[in-house]
Amino acid sequence: MSALPVVVTLLLCGQLLAVEISSEATADSCPKAPEIANSHVEYSVRYQCDKYYKLRAGDGVYTFNNKQWINKDIGQQLPECEDASCPEPPKIENGYVEHSIRFQCKTYYKLRSAGDGVYTFNSKKQWINKNVGQQLPECEAVCGKPKHPVDQVQRIIGGSLDAKGSFPWQAKMVSHHNLISGATLINERWLLTTAKNLYLGHTSDKKAKDIAPTLRLYVGKNQPVEVEKVVLHPDRSKVDIGLIKLRQKVPVNEKVMPICLPSKDYVAVGRVGYVSGWGRNANFNFTEHLKYIMLPVADQDKCVEHYENSTVPENKTDKSPVGVQPILNKNTFCVGLSKYQEDTCYGDAGSAFVVHDQEDDTWYAAGILSFDKSCAVAEYGVYVKVTSILDWVRKTIADN
């Protein structure tokens, strides 16, 4: 007798599970039964469920007859094992029972869809959610919820600040000439940085597709991630911004978490935000540890006047910047020095100016540092306003 493969379908508390069972019955494995007068021999098998399961119907005994396995109760229908730990609920008058499950996301993730994650198994053997129907839920990364917010971190001597995990969205980018700059994680696979950062060590005619392979990128505690592509803003002469797409999603955890993109403007004059980075320190050396600084949003008109005067020799002051000038327009805002006269510096560009919204206890990226040449010499740092590029960011991510 040849081997008979059997497939048993399990119903686990209302959830169908297909389970393959390798069941064999062979004549060689059983000695031939002795013959008696006026009779015939039938071969039979008994299906038994695993521990904590029970047969749904029939006694599990199948007899081989005319090359078919037959059960006296359910015929050729194969048996099903059901979860014995889920007893049938009691019946109620004018009522019925529905089996339901709830999808839940892992720590640091949340449901993306409009539904509540509860699905009911209906008579058509479909899992249905009251809000989204048969559409399965998706889990997306939580953003702007650091485990150790910045206000819980102690300031250290010397004016520099130790982040200690307060800025899990901060990434470090290294060019092919080993020039360090910043980038900001905005979801599991995309980061914002400046167009100037992407062109570090490259000529202005370099194509974006040729820049991507030259970049080294690190998130969390120097965890390397691979760059798939870069996308530059179509008007990068006026909007110093670019997007980086990773080959794989980064797992979100305590050390790696995206910053939230704002739905409103957080750059009113006097508003305080924080900037982190690996830029040069007071000795003009790149720091080995992530530092941060608290800075106030400055008056835009005064900032523009400051930089315009710096190009006129007779108007220059000790605080006038030298060399390249920042991009200043409706897409930017300015930030002043800290109360300790501290500032961002070379290598900090691409980092986010983040603000804490106390209403929803969430951190948002209000700006991306574009002009990091001030280094406490000029009075103002210049940032790309994130609300001004939101449409482009969302479209770029959707199209890629």
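Each residue, glycine too, has its Cβ placed from N, Cα and C.
Look at Swiss-Prot and you will find C49-C81 (among others) tagged as disulfide bond, backed by similarity to another entry. Secondary structure at C81 (disulfide bond), as computed by DSSP, is strand.
Long-range Cβ contacts of C105 (disulfide bond) within its own chain (separation 6+, distance under 8 Å): L111, C139. Taken from Swiss-Prot, the feature disulfide bond covers C105-C139 (among others).
Around C334 (disulfide bond), the same-chain residues six or more apart in sequence whose CB sits under 8 Å from its CB are V297, A298, D299, Q300, K302, C303, V304, L328, Y380, G381, V382, Y383, listed in sequence order. Annotation source Swiss-Prot lists disulfide bond at C303-C334 (among others), citing similarity to another entry.
The disulfide bond feature in Swiss-Prot is assigned to C345-C375 (among others); the stated evidence is similarity to another entry.
Marked as domain 'Sushi 1' by Swiss-Prot: 28-83. When pLDDT values are averaged over the domain 'Sushi 1' (28-83), the model yields 80.
The annotation domain 'Sushi 2' is assigned in Swiss-Prot to 84-141 on the grounds of sequence analysis.
Here Swiss-Prot flags 156-398 as domain 'Peptidase S1'.
Look at Swiss-Prot and you will find N285 (among others) tagged as N-linked glycosylation site, backed by sequence analysis.
The annotation N-linked glycosylation site is assigned in Swiss-Prot to N309 (among others). Around N309 (N-linked glycosylation site), a 10 Å sphere centred on its CB holds 14 further CB atoms from the protein chains shown.
Annotation source Swiss-Prot lists N-linked glycosylation site at N315 (among others).
Per Swiss-Prot, the feature region 'Interaction with CD163' maps to 312-317.
Residues annotated as signal peptide in Swiss-Prot, with similarity to another entry given as evidence: 1-18.
Within 10 Å of the C-beta of C139 (disulfide bond) there are 17 other C-beta atoms, taking all protein chains into account. The disulfide-bonded residues under consideration are C49, C81, C303. Their Cβ neighbour counts within 10 Å are lowest for C49.
Mapped onto three states, the DSSP output places C334 (disulfide bond) in strand.
Across the structure, C49 (disulfide bond) and N309 (N-linked glycosylation site) are spaced 86 Å apart at their Cα atoms.
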